[in-house]
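So the structure is just underneath, and the comments pick up after that.
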């Protein structure tokens, strides 16, 4: 089952999640919404293995990058009954 990777606007552009990902799912893209002028993006979610190393590496109090595994994807989107 596919995993979804969500990057929130609390991202500070530190690149920790990008460096932690063993599957190269994440990359940094230009964004003017933070001091670093870049934000994490997840263009290759089909390669995500669900290890959540990106979450562990995130230094923000509110995890800026979240991985939702299988059924969690459905629940997080409010689609579960």
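Each residue, glycine too, has its Cβ placed from N, Cα and C.
Some features that Swiss-Prot has for this protein:
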- 2-31: domain '4Fe-4S ferredoxin-type 1' (DOMAIN)
- 11, 14, 17, 58: [4Fe-4S] cluster 1 binding site (BINDING)
- 21, 48, 51, 54: [4Fe-4S] cluster 2 binding site (BINDING)
- 39-68: domain '4Fe-4S ferredoxin-type 2' (DOMAIN)
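Contacts of residue 17 ([4Fe-4S] cluster 1 binding site) defined by a Cβ separation under 8 A and a same-chain sequence distance of 6+ are given as 26, 40, 54, 55, 57, 58, 64, 65, in order along the sequence. Averaged across the domain '4Fe-4S ferredoxin-type 1' (2-31), pLDDT for the predicted model comes to 91. DSSP states for the domain '4Fe-4S ferredoxin-type 1' (2-31), grouped as helix (H, G, I), strand (E, B) and coil, give 5 helix, 8 strand, 17 coil. With respect to their backbone Cα atoms, residue 51 ([4Fe-4S] cluster 2 binding site) and residue 11 ([4Fe-4S] cluster 1 binding site) stand 19 Å from each other. Under DSSP, residue 51 ([4Fe-4S] cluster 2 binding site) is assigned to coil, being neither helix nor strand in the three-state scheme.
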